[in-house]
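Participant: Below, the features straight out of TrEMBL:
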- 1-126: domain 'Helicase ATP-binding' (DOMAIN)
- 151-299: domain 'Helicase C-terminal' (DOMAIN)
- 310-320: compositional bias 'Basic and acidic residues' (COMPBIAS)
- 310-330: region 'Disordered' (REGION)
- 321-330: compositional bias 'Basic residues' (COMPBIAS)
């Protein structure tokens, strides 16, 4: 959400500068004092993450939203999950009841509907599709892999699609670091982004990807929503999203604004057996065709990938021991 808030703020500044519009971005990971100076200038628009906005409402002298006219909740379904629900509720209790509220979401959950009933008077609902769907310009495929060889299949796909911009989604923050390091050792231009990185490192990684310095972004779901990355050719689900709605958000990073795109999802036989992708197919209303591959050609990468994983592990151990020595010396 931090990157999304900064991105939206930049758009307000770009479009509103000629009109003298003032906009403040309030996000975590950035000096709160500098933000206090910004909001002391009485911005017309505040773009914020819930936690940092509540911090300022509670602790920044002179800051309030008494004159608030419009409240926009972007990615409303995510804002109302257990991570943000209490903070959003606290903010709702502070801001004026007389306001116009807008809820935006690609997926409508029970909590979004609940908030709509509780907070909106005579609401108007604008729905682009009656069911969860993906765009017709998006080609979606399923690649069945042995669990132990998933890295090999990923490298094979990236090699076959060489030169394309790709977002590779994994389930943990550690996996973004490990996988991007393996890919870099193999000669790919990959960069990681996850929620545990500092704000400056996250923005740095995102800017490298957007500028084309790196063409592979290895990421967690932190990059699956809202970010405006103009051209992503391909999305690869290295790890299965546990929620079908997360799948929709992930693959929605490609095939945007009428362009074509490709989404390839890796799955082993156990994941297929337990119906993880069957649930996704049920939600999107289509069966994912199999990705066509040459198994012998895939396994030609086995030794190189194994060597890269070994080197990556050695680099990690060396870096960890160096950090331990540094902490001891301090």
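Heads up, residue numbers simply count up from 1 along the chain you see.
Just so you know, glycine gets a Cβ as well, placed from its N, Cα and C.
TrEMBL annotations: computationally assigned, not manually curated.
Here the structure is a predicted model, which means the values were calculated and not measured.
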Participant: Could you pull out which residues elsewhere in the chain have a CB under 8 Å from any CB of the compositional bias 'Basic and acidic residues' (310-320), counting only those six or more residues past its ends?
Facilitator: 178, 181-182, 185
Participant: On the 0 to 100 pLDDT scale, where does the domain 'Helicase C-terminal' (151-299) sit on average?
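Facilitator: Mean model confidence (pLDDT) across the domain 'Helicase C-terminal' (151-299) is 91.
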Participant: Of the residues in the domain 'Helicase ATP-binding' (1-126), how many are helix, strand and coil by DSSP?
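Facilitator: Tallied per class, the domain 'Helicase ATP-binding' (1-126) gives 60 helix, 16 strand, 50 coil.
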